[in-house]
Amino acid sequence: MDYRLSILFVFSLFLVASSFGSADESIGDDLFIRQVVDEDRLLNADHHFSLFKRRFGKSYATQEEHDYRFAVFKANLGRAKRLQKLDPSAIHGVTQFSDMTPAEFRRNHLGLKRLRLPADANKAPILPTNDLPSDFDWRDHGAVTSVKNQGSCGSCWSFSTTGALEGANFLATGKLVSLSEQQLVDCDHECDPDEPGSCDSGCNGGLMNSAFEYSLKAGGLMREEDYPYTGTDRGTCKFDKTKIAASVANFSVVSLDEDQIAANLVKNGPLAVAINAVFMQTYVGGVSCPYICSKRLDHGVLLVGYGSAGYAPIRMKEKPYWIIKNSWGEHWGENGYYKICQGRNICGVDSMVSTVAAVHTTSQ
Ligand SMILES: *[C@@H]1O[C@H](CO)[C@@H](O)[C@H](O)[C@H]1NC(C)=O
């Protein structure tokens, strides 16, 4: 079993244990975050590292490994402080990724194989935008499954794909069915028509549009429970055509225009989007709105809504934000979700947006 998945398992045991415990845990967590990001306080790295290990159930095989991870952790505290200055409307601090270098983080927890919008993809029709609600969240309409966890595997693209198809299938059938990422990880080797040699390859990355293409050709995706996630790509394909739970009717890319993105979201369900994840390794909450952020896309996520309530920093009054479902578990970000401001294609979030439609299937 994968080393980090077993850590997650230990962590869930810890959560079960702590739910019987005191309220100190959550108070401690709040303090913890404030101390890390507070400029004026002495950074007590030793103490923070102990809390971090306890909170995320981390243990290291050797003293060398422990010392190395502590050094990385300290570097990440400094990094969180720098990112906090660049991104004042979000909270940056300690996350489950705080003992990983940025390179390890990119390698193990992202996995998007694409830098640009596909050139020859179907374009979504232009929709009217005059009657859009000011706030909208597909979670309120039952179209979003609970937050999943890709573990230590560059399979973000498969979670973005299933999330979009789960929503589309809900709109087509009225039923919310959790779909199998592992089917995509094991069976989808579809290649990007625009980029020779760039093919969906399990934990080594992939692309949502290629995964929609695979799903169209294969006939559909199975249920999560019929083809559960393992977090590795060493298994063989176990796709069973008789157990298809959702099928793709068509898919297309949405223009960069944010009103069009919102209109497609409201009409067609959650959208598969790509993003640059540099501000996500240290993200704890709030609306991320960095002054500068690369538009180099490296992570696939799911756009489920937008809003503006409760967000009025001096710099950007009532600026609306996107609500994004991530695949790093519920203990990352805001219960597994990320908020990022609209208006400037921040971190490339508007650059590669896909919408999918599902057909009604006869399976149970
Ligand atoms: C996609 O499929 C849906 C459902 O069958 C259909 O209503 C819609 O018109 C199709 N869209 C495009 C762009 O072909």
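A Cβ is built for glycine as well, from the same backbone N, Cα and C atoms used for every other residue.
Over in TrEMBL, the protein carries these features:
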DOMAIN    49-105  domain 'Cathepsin propeptide inhibitor'
DOMAIN    132-357  domain 'Peptidase C1A papain C-terminal'
SIGNAL    1-23  signal peptide
Tell me the residue counts in helix, strand and coil for the domain 'Cathepsin propeptide inhibitor' (49-105), as DSSP assigns them.
35 helix, 3 strand, 19 coil
For the domain 'Peptidase C1A papain C-terminal' (132-357), mean pLDDT (0 to 100):
94
